[in-house]
């Protein structure tokens, strides 16, 4: 009986340790291959390594984060596994790039947005299709889906060969202000995450989409380091607040200005 109790206690300790260790993993699972037809990967011609994600909003335009701007960007669409190439994968280069400000002068909490016009439109296919822009801002508490090929470990860069998806919640902006001392009283960003931690966007997820009720509501911008800490949610550029600017640029008004 004593031996049984000792073994039982050891098992309990192992389970407890495993639970604590799992909290260090950026939560989420492999995305369904059919749920991210709008998700694109950004890389540079020279490195050929993905550094950011983006979102296809129509056959000629992609939205990403200003922090993702690079020379010689390549945009890959229709990809799931980096090891198994889908037949309908398409690669494009930018024709034009638009920013609220210079890509060098965005701030962590404002105007981290880049609108890319593709040099050649893409064709909708099995694994490629645009996502809907928002008709309204997301409600507080909404369950949203964040996705990307970013690292799935909080302690070191561990990149999967498939995109991972995780469900997180829209939180009150005051939660992010409490977590990050330099945040201004208001900003055109969404605060989203899980208060207890364990699920979060992370390195190289920047520029990717936050999808709420089938609509594209946020662009991955920044968050705590390491990722996934309790009460350290992520910040996402609020797409709804930039709709007029986005639509004006697409309509041909290249002098359109972002909201203040």
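Every residue gets a Cβ built from N, Cα and C, even glycine.
Feature annotations, reproduced from Swiss-Prot:
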- 112: active site, charge relay system (ACT_SITE)
- 206: active site, charge relay system (ACT_SITE)
- 31-165: disulfide bond (DISULFID)
- 52-68: disulfide bond (DISULFID)
- 100-258: disulfide bond (DISULFID)
- 144-212: disulfide bond (DISULFID)
- 176-191: disulfide bond (DISULFID)
- 202-227: disulfide bond (DISULFID)
- 25-251: domain 'Peptidase S1' (DOMAIN)
- 123: N-linked glycosylation site (CARBOHYD)
- 124: N-linked glycosylation site (CARBOHYD)
- 1-18: signal peptide (SIGNAL)
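On the structure: features taken from Swiss-Prot.
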| residue | record | contacts (Cβ under 8 Å, 6+ apart) |
| --- | --- | --- |
| 31 | disulfide bond | 39, 80, 147, 162, 163, 164, 165 |
| 124 | N-linked glycosylation site | 59, 130 |
| 144 | disulfide bond | 138, 167, 168, 169, 170, 192, 210, 211, 212, 217, 218 |
| 176 | disulfide bond | 183, 189, 191, 233, 235 |
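Per-residue confidence over the domain 'Peptidase S1' (25-251) averages 92 (mean pLDDT, predicted model). Around the Cβ of residue 206 (active site, charge relay system), the number of neighbouring Cβ atoms within 10 Å comes to 25.
Between the CA atoms of residue 258 (disulfide bond) and residue 52 (disulfide bond) there is a gap of 23 Å, rounded to the nearest whole number.
For residue 52 (disulfide bond), the nearest neighbour among the listed recorded positions (112, 202, 206), judged by C-alpha distance, is 206. Cα spacing between residue 112 (active site, charge relay system) and residue 100 (disulfide bond): 8 Å, rounded to the nearest whole number.
Of all Cβ atoms in the shown protein chains, 26 besides its own fall within 10 Å of the Cβ of residue 227 (disulfide bond). Ranked by Cα separation from residue 206 (active site, charge relay system), the disulfide-bonded residues 68, 100, 227 are led by 68.
For residue 202 (disulfide bond), the nearest neighbour among the recorded positions 68, 100, 123, judged by Cα separation, is 68.
Recorded residues residue 123 (N-linked glycosylation site) and residue 227 (disulfide bond) have their alpha carbons 35 Å apart, per Cα-Cα distance.
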